[in-house]
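Chemist: Pasting the feature list from TrEMBL:
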type     : residues  : note
DOMAIN   : B:94-295  : domain 'ABC transmembrane type-1'
TRANSMEM : B:12-31   : transmembrane segment
TRANSMEM : B:98-121  : transmembrane segment
TRANSMEM : B:133-156 : transmembrane segment
TRANSMEM : B:168-188 : transmembrane segment
TRANSMEM : B:226-252 : transmembrane segment
TRANSMEM : B:272-291 : transmembrane segment
Amino acid sequence: MTAPLVEVTGLTVDFERDGRSSRAVDGVDLAIAPGEALGIVGESGSGKSVTWLAALGLLPARARVGGSVRIDKQQLIGAAPKVLEGVRGKRIAMIFQDPSSCLNPVHRIGWQLVEALKLHRGLDGAAAEAATLRLLDQVGIADARRRLGDFPHQLSGGLNQRVMIAMALAGEPDLLIADEPTTALDATIQAQILALLASIRRDTGMALVLISHDLGVVAENVNRVAVMYAGRLVEEAMGQDLFGAARHPYTQGLLAALPTLTGPRRRLAAIPGTVPEPGKAPPGCAFAPRCPLAEPRCQSEPPPVRHVGLMHRAACHLQIDVGVSAWNLPRAAE
Amino acid sequence: MLLFTASRALRAALTILFVMTFAFVVLRLSGDPALLIMSVDAPPEAIKAFREAWGLERPIWEQYLSYIGHAFTGDFGKSMRDGRPAIDLVMERVPATLAITLPALALKVGLGIPAGVYAALHRNSFADRMTMAVSVAGFTMPSFVLALLLVLLFSVNLGWLPASGADSPTYAILPIITLGASGAAIMARFTRSAMLEVLGQPYIRAASAKGVEWRRVISHHALPNAAIPTVTIIGFMIGSLVAGAVVVESVFAWPGIGRLLVSAVANRDLAVVQAILMVIATWMVLANFTVDMAYGWLDPRVRGTAAAH
Ligand SMILES: Nc1ncnc2c1ncn2[C@@H]1O[C@H](COP(=O)(O)OP(=O)(O)O)[C@@H](O)[C@H]1O
Ligand SMILES: [Mg+2]
């Protein structure tokens, strides 16, 4: 593997609440190679967003962030505001779940794009306008010139997400974090946006982190998948390995909940129970209370992250064999 | 947009008409001005003559129609006390009222908004808690209590400022502070919560994620949005500027509209009271109208719906 572009090691995030602190991200290790597409999945509340907000220093002051996030040699955790401002948008861009509320309601689309262009490329006036039109064209917005004068509320969610992507491209970043970029959009628009992200990645060679609570969204769009649960990384593998040979009961549960090609589309609700809130996870494996195979040591000892195959890691005490699903074993059915 | 403006203007006119009607009816029902002005033991002929001179013996609806009809031509009747046109009496008091209320408004906005923004940006800091504590004190205290405290401190104890009258500009200082302090407190609180609300919005985080430096996020992304709800409060303050001065003008014997209103009510000088209420209502309505227009200018979403009307 080439030297990583971004390397996350031992990342922790604690939120102070009423004088007590609770851990939302607990020792995440991740590496992203230049140009690579990494998917991050897990149910809502697993700490996917917080991980990347922490990396970019975008969490409120009461969040305590520990560990390390480097881009090339540059340490981001605890970095000065000037350093972070130089990285945000320029080296690592981020887009979010609800595009319409991520654009400023009182500024025109054109104004918001020009702001990014001025910031990252020093463009102004006519040059900025030309570049804006090129960006809108690149993200597939027809009638770009007219859109420049529109306000976000005049555009659909899908169009706004395209604008957000155009804005992210303004800085020609090395990495784009797309945090649930299609969750707020309907199914056809979702497919279009994912296709757009894929084509941009092909054209620019930019790396992509695609965050989703839906394994199905991630499946066709990434090389590698990391699964998060309760602030920890529970499994990480190349796409085909994860979908073909998941080794963690949680991942297996997510896979089992995926709709079949012919079946109806469902949300990931098939695993009984919910993700524990930060600070409420049991001392051992956070997934133990919902795991069909949990043993006494799962309740008390946190499982180590183990290599279970080539570039395949899983954090489970039980070394489940390839091809076996925790959810099909006789014990699970009891 | 034209239709929108026109419908607002019509509504404004109807509001003023409603206030004039209401004032007229209430004042006529609350006692006989002839008896009050002439004193009870005046000879009956004198009272009768007074009634005839002022048209008070006619049926009330006739008096009303004639009053409204004249009002349209700018004639609001004459003061029953000194016979001069009521509207002149009122208008000559306007400068004195504006002389204390406009600086007070500047104080509210100029002190309240920066304090609120500062408190929001330093949420839960010592400065934030202090600002909010002062602001609670500022708006729970009735203005006459504050006025008396100020007089006690600056006039009686320190002897720095005059307590009542209007002989020189220094006389305006205590009324201005009294009027401005509680407004500044309200403004600070409101601005703080508007700002906190905006700072929690996804577009603020997105602007930071884009690489915009924090100062610019505040000035170009947060403030223009926080200005939208803040304008409502400023509009409300402008609207209640004149009415709000009544108590303070009375306490400080400041010769403005408020004090005129108190004496006109005490004297049952109907035409003057009506003219004052009309001026106050017109002022409020104009302030509201301006706020509506400012909204359209500040908030593109409102502009959109207004155009679609
Ligand atoms: N600003 C915050 N303050 C306190 N708790 C937070 C904050 N942001 C997120 N959390 C908590 O951290 C946990 C992980 O959140 P998040 O990373 O948003 O999950 P997701 O995997 O759905 O993106 C959640 O339980 C959430 O309640
Ligand atoms: Mg999230």
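The first residue you see is number 1, and the count goes up from there.
Here the Cβ of each residue, glycine as well, is placed from N, Cα and C on the backbone.
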Chemist: Apart from its near flanks, which chain residues at least 6 from the ends of the transmembrane segment (B:272-291) lie with a Cβ under 8 angstroms of it?
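Modeler: Same-chain residues near the transmembrane segment (B:272-291) but 6 or more away: 8-9, 12, 15-16, 19-20, 23-24, 27, 67, 71, 76-77, 79-81, 86-87, 89-91, 94, 231-232, 234-236, 238-243, 257, 260-261, 264-265.
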Chemist: Residues sitting near the transmembrane segment (B:12-31): Cβ under 8 Å, six or more positions beyond its termini, same chain?
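Modeler: That would be 60, 63-64, 67-68, 71, 268, 270, 273-274, 277-278, 281-282, 285-286, 288-289.
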Chemist: Residue list, the transmembrane segment (B:168-188) vs rest of chain: Cβ under 8 Å, 6 or more residues beyond ends.
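Modeler: Distant Cβ neighbours of the transmembrane segment (B:168-188) are 99-101, 103-109, 111-113, 115-116, 119, 131-132, 134-139, 141, 143, 146-147, 150-151, 154-155, 161-162, 230, 233-234, 237, 244-245, 248-249, 251-252, 254.
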Chemist: In the same chain, who gets a Cβ under 8 Å from the transmembrane segment (B:98-121) while lying at least 6 residues past its ends?
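Modeler: Beyond its ends, the transmembrane segment (B:98-121) has Cβ neighbours at 127-128, 131-132, 135, 172, 175-177, 179-181, 183-196, 199, 218, 223, 226, 230, 234, 237-238, 241-242, 244-245, 248-249, 254, 256.
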